[in-house]
Structure formats: structure tokens, C-alpha cells
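Q: What TrEMBL lists as active site is D284. What TrEMBL records for R123, D195 is substrate binding site. Residues or ranges marked as Mn(2+) binding site in TrEMBL: D196, H308. Under the heading domain 'Fringe-like glycosyltransferase', TrEMBL lists 105-352. Residues or ranges marked as region 'Disordered' by TrEMBL: 79-102. Summarising the annotation, TrEMBL assigns signal peptide to 1-25.
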Amino acid sequence: MLKRCGRRLLLGLAGALLACLLVLTADPPPAPVPAERGRRALHSLVPPALGLEAAAAPRVLAREVHSLSEYFSLLTRARRDAGPPPDGNPRPADGHPRTPAEPLVPRDVFIAVKTTRKFHRARLDLLLETWISRHKEMTFIFTDGEDEVLARHTGNVVNTNCSAAHSRQALSCKMAVEYDHFIESGRKWFCHVDDDNYVNLRALLRLLASYPHTQDIYIGKPSLDRPIQATERVSENRVRPVHFWFATGGAGFCISRGLALKMSPWASGGHFMSTAERIRLPDDCTVGYIVEALLGVPLIRSGLFHSHLENLQQVPASELHEQVTLSYGMFENKRNAVHVKGPFSVEADPSRFRSIHCHLYPDTPWCPRTAIF
């Protein structure tokens, strides 16, 4: 009896020992590769409140991770985009915080309109008739030639004495003058637009009031779906690659005074042009280079800015009052303008700016009283 029990106990111990040996010698599951770790980490950063579109972006980026360094770079951007802004307020997908940060009046904003002498009649007259007419004290026109007729319409005309060419150097020259005039103005916000932009001043003030002007704010819309790749000239014989996001000047962008002051070493007193030569890119790219690459401040992407590089007919007419900037031009060899009904035909109002203006400001004297939108 005792021998039988001892034999069973011995067999049981041997079986347990064998099982332990099998577990210890079995191959462990493969560790996730950096790309897989990147996917898991990036997925965990996306809160449900950001919606499906915001959640999809980190997943797309994660599929492109090929190394640990790339993973950490993407992880940092995903955390930055998904996380709350510096003021702690939650931020929806369009980059617009939910609660106002400070009161704002029109004279707090400096709107720089970049143009050239040959477009004074063809483009600027339309802007002066529409959105500029509502708040002339906010708007400063930067051009490259004297124009007495234009000066009679508004006193805020700055002859930059820059070249009229549409070259990298000429564009950077004008941006340098814009920056210096803004700093001298003492205003809270700098916004740059082109002469083919319509600015919805109410929406602009509403957007900017959501951010403290003392913090580092750079807001606009990129025209690319990835950071731009550039070559930075470190010295005469040395270059290095650099990549960064930038807000396209064709849609307009805004910079807080707090950030603009930090840009001074690379932008003030003509330094902007020499900075632009370091990367040999146009003015809006240079702004992104200074802000993102040199200062490490991320672009806040907003869908409320629009340029002629996008299909403007996709902007819903019912949401025009929410848009900050609109544009017109050509897109894929077709006329590109916002599709909005109004008192003016397409032939009489090809840009649709007059119709948009009457939609937003029906009390404008030249808007037909019977207009239906």
C-alpha cells in the first residue's frame, strides 16, 4: 500500500518537473518590432472625442514607421496633435478650442494683404469693395509700387520697394516688411493673406479669441499631406536635411505676438530674407521653417482657411459664416470658386466674393434687398 502511494507521488513529481522544463525551454513570443510598437503607442494616444478622421491619421502614419527614431518622431507628433493645447482646453479636430481665451477687438489684429502693382485694379478693388470695407483699420496692404488711387481708398498702403517678380526673393522681401510692421504696431495677432483671399472678419476674431496671444500660436492650413523636405545650409560647405509643416500663404495664416517675438532673431530687420536663403524656399515655407524647425512650435491645422489649391466647391454654403478665409482661381483646369447662390450671376461675380459678402453682410448698401441665398 505504502509502496503504491510512494510510486504515485514520485510519478506526479516527475510529471510536474517535465511540464516546467517544457515551459522554460519553449520559444518566447517574438517581441513587437518598432513599427508595431509605434502602432500600439500611436493608437493609444487618440482619444475617442477626436472623431474618426483624427483617429485615422495616426494609424496611417504608423504604417510608415521603419525605425525607432522615426517611431519616436511620429509618436511626438501624434501626442502633440492628439493632446490638449498648452492652455489645457480640449481641442476639436479643426484646431479650434471650445472656450474663448481672451476678449479681442478688431484693432488687436494686424491683417497683411500681399499684392503686386499689376493686380491693384483686378484684385484689390474687389477686396476694398467687400471685406476690407468693414474694418479698414485691421488691414494693411503690402505692394511693390506707388498707387495714388489705392492710397485714396485706404491709408494703410505700404510700398515695400521689393521686386514685382513672383520670385522667392521678392516674396520673402515682402514678408520681411510685413513682419517688421506688425512688430512695430504692438498688436496682438499677425495674419497674412493674399490678394485672392476673402477674409471673414467675424470668424477670424472668433477663432483668434480662442487662443491667448501671449502663447506660441501658429495656425493655418498646410497645402501638403506631409511635412516638406528641405535642405538647410548650415555653412558654406555643409548642408543637412530638415523637414517641417507650414501653413500655405494662399489660404492665409495667423501668428500670435508671443510667438512672433520669438521669431525675431531669424525674421526681424531683414533677417527673414537671409533665413529664406538657408532653405531656398518661398516666404510661407520660411515661416514654417522658423516656427516648427527652429523654435519647435507645432502648426495648429485648421480647416477654416481655404486657398485656390483646393476644390472650393466642396465648401458648404450653409457653413460659410464659419469659414475664416476663402479664395478663387483655377483647380484642375476648371474655374474654382465657392458654390453659393446670390444676387449676382457667375459672369458678373466670377470670384463669388460679392455674393459671399452679401450673404454675410446683407446690410451692405450695394447688396440687393431681395437677395435669396
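Cβ from N, Cα, C; glycine included.
Remember, predicted model here, so these are calculated numbers, not experimental data.
Locate each feature and note its surroundings.
A: A simple way to gauge crowding: the CB of D284 (active site) has 25 other CB atoms within 10 angstroms, across all the protein chains here.
Cβ neighbours of R123 (substrate binding site) (same chain, under 8 Å, six or more residues apart in sequence): T115, D195, D196.
Reduced to three states, the DSSP call for D196 (Mn(2+) binding site) is coil.
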Q: How many neighbouring Cβ atoms, not counting its own, are there within 10 Å of the Cβ of H308 (Mn(2+) binding site)?
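A: Excluding its own Cβ, H308 (Mn(2+) binding site) sees 19 Cβ atoms within 10 Å.
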Q: At the Cα level, what's the spacing in Å between H308 (Mn(2+) binding site) and D284 (active site), rounded?
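A: So the alpha carbons of H308 (Mn(2+) binding site) and D284 (active site) sit roughly 15 Å from each other.
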